[in-house]
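Quick notes on the structure that follows.
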Amino acid sequence: MDRKQNLNRNETFSFINPWIRYFLFFFSFLFWVFSLLIVAIGVYAKVQKATDTVRDTFLIDPAVILIVVGVVMFFITFCGCIGALRENIRLLKTFSFSLTFVFLTQLAIAIMGFFYSEQTQDALGKFVKKAIVHYRDDLDLQNLMDYIQKEFKCCGWNNYTDWSWNLYFNCTHENPSTERCAVPYSCCTPVPGETVINTMCGFGVQTQKYLDANKIIFPVGCADKAVLWIESHLLLVGALALGLALPQIAGIVLSQILISQIQDEITSVL
């Protein structure tokens, strides 16, 4: 009788915790669906563009960035999802390694950004300069720059005269554009009670001195405004960083636990 009970107990016992297995599956499935959504949004944004002849904007195109991030997320979460469901060690190891690599890369970028702040600011400056140069060439870049300038209440990277980098806003006498010496409307200070946005509010601003321009637009560059925003929102920045790191750490730990349990299960059968 005791022998039969021991045999039944051995048949039903498993080293694999179903709670860990299914939690990892649903965890990966949730982010897998999210990655498909990101790819879909990126593809839709890319297809909706009438023309895309400017190759120089490819690496800073928000639609392309969304597609790349979505594809990477899809691959990683697919490995975690199927690996947990099928108890496949290879897929789980791929999931764990990929997630660890992404996490360490993000950590390295954050550390380098902290210790090499000037170089990081220069790199961001190059990105913004390209966005300003191709402001009229790419609708996504235009919307992104307008959003940044509205939210941070800034204009350009260093100051409002940076908009001379753009072909249309260039402030040289040889420029035949009607927008010569202007800045985008997103630089303008909002007028109380204004129902219709005046898109010509920034015309001729680059010819004005700083104090005069300050009456019409936000003359401070987005570089200084971004630094001030981070310094005044350290708690929010920390919470966002923690919110980004915790799911990745959880995925790495859970996948390693599940791999160990599957290996114990295989060893007990052999």
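Even glycines carry a Cβ here, placed using N, Cα and C.
Remember, TrEMBL labels are computer predictions, not curated facts.
Pulled from TrEMBL:
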| type | residues | note |
| --- | --- | --- |
| DISULFID | Cys154-Cys187 | disulfide bond |
| DISULFID | Cys155-Cys171 | disulfide bond |
| TRANSMEM | 20-44 | transmembrane segment |
| TRANSMEM | 64-85 | transmembrane segment |
| TRANSMEM | 97-116 | transmembrane segment |
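Structure with TrEMBL features highlighted.
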residue	record	Cβ contacts under 8 Å, 6 or more apart
Cys154	disulfide bond	Ile148, Cys187, Phe218, Val220, Gly221, Cys222, Asp224, Lys225, Ala226
Cys155	disulfide bond	Gln149, Asp162, Trp163, Val183, Cys187, Ile217, Phe218, Pro219, Val220, Gly221, Cys222
Cys171	disulfide bond	Thr161, Ser164, Arg180, Cys181, Gln206, Thr207
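Within 10 Å of the Cβ of Cys187 (disulfide bond) there are 25 other Cβ atoms, across all protein chains. If one looks beyond the transmembrane segment (97-116) by at least 6 residues along the same chain, the residues whose Cβ comes under 8 Å of a Cβ in the stretch are 72, 75-76, 79-80, 241, 244-245, 248-249, 251-252, 255. Same-chain residues lying 6 or more positions outside the transmembrane segment (20-44) and placing a CB less than 8 Å from one of its CB atoms are 63-67, 69-71, 73-74, 77-81, 84-85, 87, 95, 247, 250-251, 254-255, 257-258, 261.
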